[in-house]
Amino acid sequence: MTTPPELTIANNSDLADVGGAVNIVDSKSDNKADKTTVFITAVQKDEPLVTRRELWTYYLYYNGDNGVGPLGYTQTLFQGLATAAGYDPVAGPGSSCLADTASGQCVLPWLGGTKSVASVVLVANGVSFAIMTAIFTTIGSAGDYGTFGRWLLFAVTVICWAAQYACMALTSPDRWKLAMTLYIIGFVSYGATLVFYAAAFPRLARNTPHSRKIRDKYENGELSTEEYEVEESMEKNRISNISTAHSNIGYVVTYALNLALLLPPKMANDPKVANYTLALDNSYWVLLGIWWFIYQLPRPGPPLPKGENYFTIGWKQIWAALKTYKHMPYTFVYLVAFFLLADGLNTTGTLVAICQNDKFSFSFLQSTYLGLSQAMTSTLSTFGFWYIQRYWKISTKKMFVVTNVVTILIPLWGMIGIWTNKFGFRNAWEFWAYNVVSGLFQAPYYAFSQTMMAELSPPGFDNMFFGLFGLSNRVSSMVGPNVIQVIIDKTGDNWQGFPFLFALCTAASFLIWFGVDITKGRRDAVRWAAAQRG
């Protein structure tokens, strides 16, 4: 069987190492003005085979990096301290937001005026995403060179661990500003760990024993192009889904461990129980996460090109990558759509969490119960979605579309709360339902969105394009929180933010459903990568 040259070249395990400056040439033109210099990496011929131990340490890192501390409890602690430090604007300065007669509104002194606590939390999120944007644009793509990516993940992981342990100092309302600072540091470093961890995924996926086996069969003419693409996609989905499932298993285990601190009456009444809980969660991550840095096999990229440095090459790579949009249109349509979808989903989660914390009076115990319901359903759904996909050989995009529908329905349900106090995240049972539904559909969302990006990325350009992927996620999330906090400040109503989020999620989903062709996009990416190496 004759295979297309561009596919054979891009997937050939005998490719020579390539690095340095290369000219990207528009295949439709011989004009020298169409050339752009880009600094690339390569799929190296001698990348070591993935071992069972290495793959398990990869899964265990994500098991510990489940977000319970940096995303859940830290926000609850920060919002609780800020609320205790604020006052009811109806009753005036000196009043308490926690009094039985409080109006339900709560403001803090802010830049010579006041700002609602919900808006302050959203501002912290916006600042966090802005910092993440700076990190990803400046040094994210540099992870493709040498062993920089490995040390970059280690550095942001240690920073996140340190910030979580520092939360032991958050013991009184007057430290809400310190709580905000630690929340931002933890949120930023946690978000960075997710992006740089995901960037290692394509290299692992293409070096598993099964990937090597099917690649050999393809190159020997034993598999057609279509058969090879399906098998390769299934292997990517396998690793992505199992790693996501491990994150959710860690979610369950962490929350279960927390109950040992939150349920005993003596501990439950301890004013520092929230701090102890955060320290426990962080220790769980340290215990499971450290092994990845010990047992990860070396798969370095080429050395940094002469005359370049780690703090400028990221910008050059991103600019060069953006110029490739005409060669990989579906890759960039997906990045734009994911930009909108991530903004809507991330901000929806934050807004629901704000409403949830208010409803349950910042109770760590209630947060744990709700988190457990989401964690258990997330674990089951990740394995369930993977079983369904594997059994019926369903494409990644079709599986992703199913999760998109629920992404739209969540802010739509929140909109009901604008017109009535009976429904729309107004009752305790609705938050239980939200966590269950979110677990069933949002956990697979993360797995499939990552696999979509892996399928649309040129082989060997992992950090460059996963850097753009992370950038789409984080830059977008500067927009939503800032828009929503302005709406809340003007209306005094948290629920007024849901219509904007519904419109955002709907537009993004439609763009993915009707504007992204995975098969053509994958072949475009492989062809482009082969051209650069040629």
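Heads up, the Cβ atoms here are built off N, Cα and C, so glycines get one too.
What TrEMBL records for this protein:
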type: TRANSMEM; residues: 117-139; note: transmembrane segment
type: TRANSMEM; residues: 151-171; note: transmembrane segment
type: TRANSMEM; residues: 183-205; note: transmembrane segment
type: TRANSMEM; residues: 273-294; note: transmembrane segment
type: TRANSMEM; residues: 332-355; note: transmembrane segment
type: TRANSMEM; residues: 367-388; note: transmembrane segment
type: TRANSMEM; residues: 400-419; note: transmembrane segment
type: TRANSMEM; residues: 498-516; note: transmembrane segment
Paired segments the transmembrane segment (498-516) and the transmembrane segment (332-355) in contact, 3+ CB pairs under 8 A: yes
Paired segments the transmembrane segment (273-294) and the transmembrane segment (117-139) in contact, 3+ CB pairs under 8 A: no
Sequence-remote partners of the transmembrane segment (332-355) [C-beta within less than 8 Å, at least six residues beyond its ends]: 72, 75-76, 79, 118, 121-122, 125, 322, 325, 404, 407, 410-411, 414, 425, 431, 434, 438, 442, 445, 449, 452-453, 456, 468-469, 472-473, 475-477, 479-481, 484, 494-495, 497-498, 501-502, 504-505, 507-509, 511-512, 515-516, 521
